[in-house]
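Asker: Summarising the annotation, Swiss-Prot assigns active site, proton acceptor to E200. Feature annotation from Swiss-Prot assigns Zn(2+) 2 binding site to D168, E201, H300. The compositional bias 'Low complexity' feature in Swiss-Prot is assigned to 559-570. According to Swiss-Prot, the N-linked glycosylation site annotation covers N96, N121, N189, N212, N217, N656, N768, N796, N811, N866, N937. Residues annotated as site 'Transition state stabilizer' in Swiss-Prot, with similarity to another entry given as evidence: Y299.
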Amino acid sequence: MKLKSVFRSVLKYRKTNLSLLLLITYSIITLLYIFDHERYKLNLPKEDEHPEFNDLLETAWGDLQIITASFHPYTSKENDKVHDYLLKRVLEITGNSSFASVSDDKESERSILFQQQDPFNESSRFSRVTYFESSNILVKLEGKNPEEEGLLLSAHFDSVPTGYGATDDGMGVVSLLANLKYHIKHRPNRTLIFNFNNNEEFGLLGASTYFNHSWSNLTKYVINLEGTGAGGKAVLFRTSDTSTAKIYQQSVKENPFGNSIYQQGFYSRYVRSETDYKIYEENGMRGWDVAFYKPRNLYHTIKDSIQYTSKASLWHMLHTSLQLSAYVASNSLDTADQTPACYFDFIGLKFFVISAKTLFYWNCIFLLVSPVVAIGLYLISRDRMTWKSHSWLSWTRFPLSLAAGIIVQKLFSNDIIRSNPLTFSRNYFWPISAFFTQVIFTSYVLINCSNFFFPCADMKSLSIIELFIILWTILLFTSKLLYSSDYRYTGLYPLSIFFLLSTIAAILRLLALALGMRTRKRLGRECRDHHSNYSSHSQIDMERDGQENLEQPQDQFTSSQDDQASIQDDNVSTTSAGPSHNVDEDHGMDSSSQQHDERVPLLKGSNSMEEGLSTRENSLKLEYTDYAWIIQFLLIVPIPSFILFNSVDVIMDALNHTVQEGSKATFDVLRFGMVGSILMALPILPFFYKVNYITISLTALLFLISASKTLLVHPFTNSNPLKVRFSQNIDLSQGNAASVHVLGREGNFLKPMLQDLPSIKYSSTHINCTSVTNGMELCMYDGMQPNLLSTNGNTNISSMVKVHVLHNNRNSTERSPYEPIVAELLLDVKENRACTLTFESRHQAKSPVREITVYQKKNSAPQKTNITKTIKSASGINELQLHKLDFDQETYHIGVQWFPKLLTDGNLEDDKLGTKDELSVSISCYWGEYDSESVVNGTAVRKIPAFDELINYAPLSFSFTNEQKGLVIVKDAIIL
């Protein structure tokens, strides 16, 4: 009996037990979180256990060190060195293999001219034409069964001008080399193509060029390796459909990492980046986009270097891609299910996949069946008189306390916006923690205040039922979203899991009521509200000498019945579950209770029905209901809390640094934090009113710490810097001033930093800072002149870009007024690889340009030839982007054809000034090398000293990236 008493004391529903269980639950969630984020670092292959994998990793790490020795954007000479190194490594690996072939676009002088939607801005209506000279390196491994659809493995080897490209995309490139080395030794069944492509950063151009190669017809599937962050684990960022997600599930058995929440966020454009996977997907390929995704404030900066990453990160991407490619290369694939997939991993141990369409069907079943079952059980309990109606005050406590918590949260978010809107960039834990504790603390205070004045015994069960109703409404809304998005809202699955588990908990309570003992007379009220018509003077005695009242199992379902103190502490009144009787262990009904309670039946035979129930049946009910609160807790709290916490962490981990990219992103992150914290709080709210004073004191303390950290701590540090975008602009049409543009978030960050630069501080240079769109600030000042060329005389910036008009028949008398106008331009640009031409007419709303021609010089042996590429567009062409490989070829030869105004609007008005058909052409040319020197008059000087000054003198809480495809932009303009 003593052991039984101890056992019952440990498991009964009281404050200490609940608080301890909450502590255990959140401790386990924390340990799982740490395990998930640290485990991959311990799984490096050992030479004695996995010599082949160890060799692949060590070789890849060495390749990465060489590739990332310097900045190597497409616009730099270092880009050619990386290309040549990769070509050498590819030839070394393939050797004399009989089934391997190598194709070098640079050697074959492959180029394309095509019309391109802005890949980084799908909403853009700007019509763009792109000319690109490729230096992709392709390798074909012919499979044993070449008739099977092939697999493409792709990564880009260019970096941005301001980053070494260790994770973007050096790790992807060396992982491809490792995959190539592995598959050379283990010949695949299906054909594999490896695409080491160039110039992903400024238009996804290497991937676009792939489809100009004959080998592109051999591949149906693609594994794209990318870096949109700067380290950590490589995530399955997105995948084509349920079939490809299941292939990942079947292949990546060690350390799988993926979540369809990333996929939904990426497609919803919460992340302003793109990868080559977009191009492959648009061209009908199916596959997997595996990428590094954090931290974004180091992405595209000088800290994207080998110093800020690790072998563990490299091995995670390499091993993931190797498992996936080996499986796809050697197995027949079931690809029938092409609906979008919902997927997630459990701490890197297990990967789960379900079709989003299937999830929608299950949601519909849940939405239809659960209320039917709940209402049915409610009607049964009403019929059996085991359900007691509750006052409106009892029913409104939980939703009103939740609403109050949301209001408090909203007020606090206003304080964040006013005082520290970028706090998420430094550490999203503190604002999320503040939001979370606000909701649960507000709920605790309001519910307990209500219970003090108007006690409610079964608050927990009422809250669980109301939680079920709230989640049913949420699931209805999210299911509608899922359906209307053609099942592409793949990040909503946590709500389905939460709803299912909370529904089971609510149904269990209703089932217990429905199966409860029938009574003819209710002897008490479950909720003794202030508005009761009468009050009960009977006192319930739930336990005497360890014996339980067998006539009230439903009371034990919801609260402790072990001693009088517990009853008073919990505000217990047993009529919620059915009849309430005071039972003496020897004499049944207490005589004094019968004498003083006028509600006691006058006829002794009135309880014959209850007495007729078998002792075995009552014992079984008692055994089931005694610990039901624990079952409810285990259903509602641990699993939903872990899934929701992990989901919120996934979202914030990927998006918290996007607050630096504009006010819209800031409000998005703030909104996600608020909604996420509410969802994290929902599982514990039905129980939290019951916690002990230590728990609620710790909650209040955590809120105070979190709020102070959120509102008062500076958002940027050395490890979490503010990313600022740099460019130096020289507009030749307005002089030779080298105007430095520094773009970053508003908030008095940029100007104080710039004012401390020596060139500004000691020369009284004026800094002009203005607000631009989306909460960004642009600061401009005249900086030091760049030294882009080596020269023996004075550097003349105006000689960097010269425009020659070779032909223009706009004013020719031989041209009919209805005939398109034709002009030819020769751009003389020194040591350059990228220029952009923008076309505009002052007299026409849309660009009148309908045709572009690029005259290309071919240097292939045996003799040079001229190639003409032409593209036409009926809707008009706004922009021509030019990318060439040869630094020594100093000219771009362009042909432009545009319609006169007469053809576009039919207006026959006189043009006395002869200007209505003029075409304005703006030219911008880009240089991206800054970490190198030029020799001017025999002296070595830095190419872009203005950028060097920022790097050297700005506080460590700033990091810098390029604003455009080059760090220096020289502009000019002409009128044709």
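The backbone N, Cα and C atoms fix where each Cβ goes, glycine too.
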Asker: C-alpha of Y299 (site 'Transition state stabilizer') to C-alpha of D168 (Zn(2+) 2 binding site): distance in Å?
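Answerer: On Cα coordinates alone, these residues lie 8 Å apart.
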Asker: Inside 10 Å of the Cβ of N189 (N-linked glycosylation site), count up the other Cβ atoms and send me the figure.
Answerer: 15
Asker: Look up N189 (N-linked glycosylation site) in the DSSP assignment and report helix, strand or coil.
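Answerer: Looking at the DSSP assignment, N189 (N-linked glycosylation site) belongs to neither helix nor strand, so coil.
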Asker: Measure from the Cβ of N937 (N-linked glycosylation site) and count the other Cβ atoms within 10 Å, all protein chains considered.
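Answerer: Excluding its own Cβ, N937 (N-linked glycosylation site) sees 11 Cβ atoms within 10 Å.
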Asker: Within a 10 Å radius around the Cβ, which one of these glycosylation sites has the most neighbouring Cβ atoms: N96, N217, N656, N768, N811?
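Answerer: The largest 10 Å Cβ neighbour count belongs to N656.
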Asker: Provide the three-state secondary structure of N768 (N-linked glycosylation site) computed with DSSP.
Answerer: strand
Asker: Would you mind reading off the Cα separation of N937 (N-linked glycosylation site) from E200 (active site, proton acceptor), to the nearest angstrom?
Answerer: 36
Asker: Mind checking which of N121, Y299, H300 has the fewest other CB atoms within 10 A of its CB? They're the recorded positions.
Answerer: N121
Asker: Given the glycosylation sites N212, N796, which one's Cβ is surrounded by the fewest other Cβ atoms within 10 Å?
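Answerer: Among the glycosylation sites N212, N796, the sparsest Cβ neighbourhood within 10 Å belongs to N796.
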Asker: Centre the Cβ atoms of D168, E201, H300, go out 8 Å, and tell me which other residues of that chain have a Cβ in range of the Zn(2+) 2 site.
Answerer: S159, V160, G163, G165, D169, G227, Y299, D304
Asker: Cα of E201 (Zn(2+) 2 binding site) to Cα of N212 (N-linked glycosylation site): how many Å, rounded?
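Answerer: That comes out at 19 Å between the alpha carbons.
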Asker: Which of these glycosylation sites is closest to H300 (Zn(2+) 2 binding site) if you go by CA atoms: N121, N217, N768, N811?
Answerer: N121
